[in-house]
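Everything below concerns the one structure shown next.
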Amino acid sequence: MALCLGQVFSKDKTFRPRKRFEPGTQRFELYKRAQASLKSGLDLRKVVQLPDRENINDWIAVHVVDFFNRINLIYGTMSEFCTEKSCPIMSGGPRYEYRWQDGDQYKRPTKLPALIYMNLLMNWIESLINNEDIFPTRVGVPFPKNFQQVCKKILSRLFRVFVHVYIHHFDMICSMGAEAHINTCYKHYYYFISEFSLIDHSELEPLKEMTEKICN
């Protein structure tokens with residue numbers, strides 16, 4: 001899938017530089033294994049399963065970073081069509097509206113244009129995955145006790161990107177010939193969060209019909 005995404009989406013339009021794994025580390029080896037499985041054409045439901053004798057937090061960390069990179073690439077390409085004028089509110093149709101709150105600059109849930117919301121979101125995720133206290137990269141350094149809770153929050157926020165792109169920019173996706181590639185990325189994401197119960201399924205309601213169509 002990585003090659004397909006690279007062919008369809010422009011890598012110079014990503015919001016952030018791709019987060020990479022250090023060669024020679026266990027996480028790099030897990031990442032290579034996951035990528036090889038994706039390219040092999042295996043059932044995505046099996047691809048997301050934890051390999052034997054591997055640490056679940058390492059497996060989750062690898063996928064959170066990979067989903068960040070992929071979704072960042074997708075939205076970075078779509079962002080020129082997602083302006084403050086076209087998308088004045090970060091939403092998923094008329095029923096779902098997402099407000100930004102970070103406890104710092106935005107202490108209360110705040111309505112924002114989708115483009116600004118996405119920029120703040122990618123900043124926030126990048127700061128977390130680059131934080132050695134949360135995503136340790138040194139051998140022997142344990143994950144924090146709240147690691148999976150942090151990952152659940154990251155993944156739930158990344159889901160909102162899928163919601164906005166699918167609902168507000170689906171015609172553009174199709175015109176770019178990118179529908180199949182985004183669907184594959186979403187299926188991978190959906191099977192992963194389902195395998196490890198990383199998101200309450202009530203949060204997935206905005207894309208319920210889409211999920212039933214492409215994931216079942």
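Every residue, even glycine, has its Cβ placed from backbone N, Cα and C.
Curation plays no part in TrEMBL annotations; they are all automatic predictions.
Noted in TrEMBL for the protein shown:
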BINDING   C82, C87, H164, H169  Zn(2+) binding site
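The Cβ neighbour count for C82 (Zn(2+) binding site), using a 10 Å radius over every protein chain in view, is 21.
One way to see the shell of the Zn(2+) site is to take the Cβ centroid of C82, C87, H164, H169; the remaining same-chain residues with a Cβ within 8 Å of it are M78, F81, S86, A114, L115, V165, H168. Of the listed binding-site residues, namely C87, H164, H169, the sparsest Cβ surroundings within 10 Å are found at C87.
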